[in-house]
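The active site, proton donor feature in TrEMBL is assigned to Lys102. Here TrEMBL flags Lys66, Lys90, Ser344 as substrate binding site. Per TrEMBL, the feature NAD(+) binding site maps to Thr185, Asn216. The site 'Important for catalysis' annotation in TrEMBL covers Asp142.
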Amino acid sequence: MNALAATNRNFKLASRLLGLDSKLERSLLIPFREIKVECTIPKDDGTLASFVGFRVQHDNARGPMKGGIRYHPEVEPDEVNALAQLMTWKTAVAKIPYGGAKGGIGCDPSQLSISELERLTRVFTQKIHDLIGIHTDVPAPDMGTGPQTMAWILDEYSKFHGHSPAVVTGKPIDLGGSLGRDAATGRGVLFATEALLNEHGKTISGQRFIIQGFGNVGSWAARLISEKGGIIVAVSDVTGAIKNKNGIDILGLLEHTEENRGIKGFDGADSIDADSILVEDCDILVPAALGGVINRENANEIKAKFIIEGANHPTDPEADEILRKKGVVILPDIYANSGGVTVSYFEWVQNIQGFMWEEEKVNQELRTYMTRGFKDLKEMCKTHSCDLRMGAFTLGVNRVAQATTIRGWGS
């Protein structure tokens, strides 16, 4: 089951639990707008290259649409559609005044020079500038993009609309980016894990963690969990996987990855097969890379008692069912990795106010939002006698459905 089919399935299950009528259900599911543009740029060697860019704007009942832009060879409409829909429910779960969007360009950023990436970003912005905006649709970084990409979008957009720092989030600090944004998703994973473990009478200290994916989310989660006394026993990234049952020195690993562009070759742990990392022995598994990595082929072998979904859609529905029967507790992505979009919201607020916060305030507010979000999620679980994933989906869908109805859109 692909990401879109799985997301639609979870939405429909939540809709049934909430008793939504078919007309409102259809209204909530259909995207507000789907955009597909051709982006042709001159390459450094003088030849022309064409790429296809996408932006799906899913829902704006609760506020401007919000979501990342990814540069990846496998960007395609169904995936972008699924991720845009997930952002609608995620922002509602986090109780921030946004709807969902997602975008991307089908390209391999590792095969493009910095100047080629800049030209591609600016052409894409030229094609969509009248469809995004501070109170319309606010992009952010995603896979293959970062603060520099957002700086180019901001600059190109401002040529048409005047200086508009709030049009994108995840910007460099010097252009109005928020302190704490870089660590936000990983810090949100930490706060979400603390909330879940507290519910079970546990703390992070002494728990054994596996972090699958050591990019922005995984590396920050590993660092912050380690600082709280969590033991990181295995880590993987695109270069390979490593394991040390006594715990990996995360600060040492971060230095190694900075110098070697990956965890491969780190001498503080043993190399293992990257495909086996999900089924290694641990207490808590944090998938923080691509979607669909936990499936019916490996779900039975997973030894973790808790799974914290740092990535988007890492667990497919068949695996969900297998793990539920095994008693594994899964903290779903639309809550667990919402720290990034929450601090993006803080950045947007700061830009609109023209008043920037100290990092301590950003982190305190994030903890407040994540703690409240878990409490709200658990209330929905009790109301509808469902697991955490359906609790999160019913919470998000219900908030969007109420806003849609109040506006008069659902009738």
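Just so you know, glycine gets a Cβ as well, placed from its N, Cα and C.
Projection of TrEMBL feature records onto the structure.
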residue : record                    : Cβ contacts under 8 Å, 6 or more apart
Lys66   : substrate binding site    : Met87, Thr91, Tyr98, Gly99, Gly100, Ala101, Asp137, Val138, Ala140, Val341, Ser344, Tyr345
Lys90   : substrate binding site    : Gly100, Asp333, Ile334, Tyr335, Asn337, Ser338, Val341, Gly396
Lys102  : active site, proton donor : Arg55, Val56, His58, Gly67, Gly68, Ile69, Arg70, Val80, Asn81, Leu83, Ala84, Met87, Asp142
Thr185  : NAD(+) binding site       : Asn216, Val217, Trp220, Ala221, Gly310, Asn337, Gly339, Gly340
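For the binding site of substrate, formed by Lys66, Lys90, Ser344 according to the record, the largest Cα to Cα distance is 13 Å, rounded to a whole number. Using the Cβ center of Lys66, Lys90, Ser344 for substrate, the list of other same-chain residues with Cβ within 8 Å runs, in sequence order, Gly67, Met87, Thr91, Ala94, Ile96, Tyr98, Gly100, Ala140, Ser338, Gly340, Val341, Thr342, Tyr345.
Around the Cβ of Asp142 (site 'Important for catalysis'), a 10 Å sphere holds 22 further Cβ atoms from the protein chains shown. Once Cβ contacts within 10 Å are tallied over all protein chains shown, the binding-site residues Asn216, Ser344 are led by Ser344.
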